[in-house]
Amino acid sequence: ICNIKNGDCDPNADCTHGDATNEVECTCKAGYTNTGSGTKVVCKDSCTIQNGGCAENLRCLHDPRTNAAVCTCEIGYTNTGSGSNVVCTDSCTVRNGRCDRNAACSHNAKTNAIVCTCKTGYTNTGSASNVVCADSCTVNNGGCDPKAACSHDPTTYAVDCTCKTGYINTGSDHNVVCRGILFFPRNQKRSLGISTFPDRCTLNNGGCDPNADCSHEPTTNAVKCTCHPGYTNTGSNDMVVCTDRCTLNNERQDPNAICSRDPGTNGVKCTCKPGFVNTCSAVKVACKDICNIKNGGCDTNARCTHRGATNAVECTCKVGYTNTGSGTQVVCRDSCTIDNGDCDEDLRCSHDATTNAVKCICKTGYTNTGSGSNLVCTDTCTVRNGDCDENAACSHDAKTNGVVCKCKTGYTNTGSASNVVCIDSCTLNNGGCDSNLACSHHAMTNAVECVCKTGYTNTGTASNVVCADSCTVNKGDCDRNAACSHDPTTNAVECSCRTGYTNIGSDHSVHCRGTIISSTVETFFRRLCASDSCTVNNGDCDANAACSHDAATNAIRCTCEAGYTNTGSRAKVVCTEFEPFRRDIYFEDSCKINNGGCGPNAVCSHVAKTNEVPCTCKAGYTNTGSASKVVCTGKMILD
């Protein structure tokens, strides 16, 4: 059965047989979970059921070799556990997220993927996906003026540009521009070269960063750059670079938070993005996807997602479910419970084992005999006998309408309740008959009958068979002038005329007649036996049998009437009435059995309306009986 439509198991299930009963067993394959009920196995992708049993911060995937559901870390996390113990750790804390040793590891604000950024004083000479950090001073002189030397701040390691000997910085501490020093002739006043310099803060903000304020040191009058509120110096004391604090790894806050500057202070404020909620505190903001918290408040049979531009929570019923709520309230109900899933009333609504989508199938007890999308439901019992054994009758369970296979009369189930195998009951323990009895089948009902073996006669009843040597019972029904014995091979009764008698019948119907001594005696006996034997006591036939003559030997022949069957032997006919509740069945083919009980010299016919079986004598024969008991007489018998 497992080789036929996978034993009716789910497409994602394995079909096997139970050891003891050999019944079909359906077991979901690796990576699938049984979501059915009772004996109905429905296999669903394990990862779609409560995230495959994985923790909230894990992803459920399938092993490429075994297809088993496995738990893996989300993007931006690395498994630092072992075996089946998955421990997810921020990838940046594991080997610096595989970034260059001179790079800082952080996470992409949207995808949480690893982002490698060269540290202060280093420049990426690789690519965006393969960051290689080299000393900035080795790359284009660190961006310094060609007449300046590139070095690093000992504290921050930011690039420091210092004008070489003979040059002076005419820019700012953060924008060093080196110009050659002017020398004056001896007869001119040096004051002429230095008396007319303007306030440097009024020229290009003193070379300070656009997001910095320019001022002068009170002692040296040197330019001093101070970052605006909300900005921080990511350069050095001598080269101030003012960077928006919110652009610095989101101020080390959650990547799903929005960083903003707090007006009037130098602080920043973190607020979770739409679709996320703060599960920590105002100081330490931890933004978690609302959909991962009680399914975002959506129905258990709904999927929680985010609407495109706004990222707001959106509840959508899963495949196979229909929204029966109103307004913004999404209530998901099994589609099959609503108008039968839009299936026709004579069909049954079900779900696809893989996608859970609604599909219309034939009700239990019916088989689709259509093709493609043309569903034609036919009584399963009329299609290959419901796949029952050829000697079984197909029917339907009164409650479920499921197919039930039951062995026909005279056959026994050697399989199981779900796999019925019917064999001839007589081949099993002699059909339950005693060892000295023979098992046979009733001619009309095919029911098992226990009968005496050849050469034995039942002296008991139909229900209590007692077998005695046929020769001890009415002399084996042999002629009174014959001896009863048994065939040495078959043990069948044999009748042999005694000395002085001759068999005028046949080997199977022995009739012994005394030897005629003279014509005078013969004439005497002819006159004595002038009457037809069938007219005398019905020829010693059973009361429910018709008496007639053998066409060849003219010997007496007893034939059971319609509605009766011979439960005796060929030599001694005993007519027993069929079971009353089956007579309406027997009458239909009565003429085919023993000529309907009519004698061999009569013709059997059948009246459909009354179920009567009238007998009519053949040409050359006359009815010497009655209308209800026809006895056709022709030749006379001499005994």
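Cβ coordinates come from backbone N, Cα and C, glycine included.
Going by TrEMBL, these are the annotated features:
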DOMAIN    197-237  domain 'EGF-like'
DISULFID  Cys208-Cys225  disulfide bond
DOMAIN    530-570  domain 'EGF-like'
DISULFID  Cys541-Cys558  disulfide bond
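All protein chains shown were included, and the count of other CB atoms within 10 Å of the CB of Cys558 (disulfide bond) stands at 24.
Taking the disulfide-bonded residues Cys208, Cys225, Cys541 in turn, the residue surrounded by the fewest other Cβ atoms inside 10 Å of its Cβ turns out to be Cys541. Rounded to the nearest whole angstrom, the C-alpha distance between Cys558 (disulfide bond) and Cys208 (disulfide bond) is 137.
Counting residues of the domain 'EGF-like' (197-237) by DSSP class, helix then strand then coil, yields 7 helix, 13 strand, 21 coil. Cys541 (disulfide bond) and Cys225 (disulfide bond) have their C-alpha atoms 141 Å apart, to the nearest angstrom. Sorting the domain 'EGF-like' (530-570) by DSSP state (H, G, I as helix; E, B as strand; all else coil) yields 7 helix, 13 strand, 21 coil.
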